[in-house]
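Features as listed in Swiss-Prot:
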DOMAIN    56-367  domain 'IF rod'
REGION    1-56  region 'Head'
REGION    57-91  region 'Coil 1A'
REGION    92-102  region 'Linker 1'
REGION    103-203  region 'Coil 1B'
REGION    204-219  region 'Linker 12'
REGION    220-363  region 'Coil 2'
REGION    364-394  region 'Tail'
SITE      ALA305  site 'Stutter'
Amino acid sequence: MSYSCCLPSLGCRTSCSSRPCVPPSCHGYTLPGACNIPANVSNCNWFCEGSFNGSEKETMQFLNDRLASYLEKVRQLERDNAELEKLIQERSQQQEPLLCPSYQSYFKTIEELQQKILCAKAENARLVVNIDNAKLASDDFRSKYQTEQSLRLLVESDINSIRRILDELTLCKSDLESQVESLREELICLKKNHEEEVNTLRSQLGDRLNVEVDTAPTVDLNQVLNETRSQYEALVEINRREVEQWFATQTEELNKQVVSSSEQLQSCQAEIIELRRTVNALEIELQAQHNLRDSLENTLTESEAHYSSQLSQVQSLITNVESQLAEIRCDLERQNQEYQVLLDVRARLECEINTYRSLLESEDCKLPCNPCATTNASGNSCGPCGTSQKGCCN
């Protein structure tokens, strides 16, 4: 804050009729500030010679000294402010040509690095996608391999079960064939026994015929043999039919059991295959969900790291801005304090000026209306307007 001081000239008044001559120390000053006025200040008693009594002169001298000291302080502060402004301008002019090119080069380097980072991120993302696709393809092929391997094991187990059934059927067939052979052998044995019995009967009947030829009528042996043969053949046919019927029923039951067991086996195998396919599909889906979860976790980790770095940068920027704001607040407070000090100085100076003005007005009121008739050292007097006023109020 600059102050201007307009000191009045020490010459005589131009109009002696309107205002008498006043001493130079009694003229008012347009200055800001305040000062503690001594308690012995009283109304000035003016004389024609323009002199004061002792206490009034001391008060005016004290006020003039204080005013001069304040003016000197103001001029010193103005000189210091001018020097500081000049120093700041020189420092800013010296730093501007050095900082601008370096900042531009740094900005270009930062942009290039950011472009490289973006390209690297895009390439990294592409590679991650390719790796994920390769992992999914490998998992798909692995699941297909496992499915085919499980189907192969299932088919092998089916083949082994069918082989066991075939072995059982072969054993059953061999058993039935052995039974048929035993029945055939039994039939052959029965035929042999029948033939032996027929032969024995023929031999016995032949002897009897030879003995009783003359005593009894002849018996038709061929008819008897035919009847016996027909009876045995009927018995053999009945036994054969029963055995064939039993064999057919047993074979039919076995076939029914084989068909029902094969149908059940096929239904169970189809159900097992369907369940295995469902399990494989669920395993593939589970693996895909695991891969998706892993990729999402990786993306979340990268996003957290990226945003944490950005957050740290923003926090550092906020810290810098807060420190700058704190410095600015300190500067503002300091300037406000200086401003308050200067306002206090101005108020004190204005108080002193008002004191000056009140003293001058009170002394002006006490002076007579006629011009003073004092004579200076050279003999000149202070007359009315138009007269010589060279020695007035020196």
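Glycine too: its Cβ is placed from the backbone N, Cα and C atoms.
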Cβ neighbour count (within 10 Å, all chains shown) around ALA305 (site 'Stutter'): 10
Integer average pLDDT (0 to 100) for the domain 'IF rod' (56-367): 83
Secondary structure content, the region 'Coil 1A' (57-91) (per DSSP, counts of residues): 35 helix, 0 strand, 0 coil
Mapped DSSP class for ALA305 (site 'Stutter'), helix or strand or coil: helix
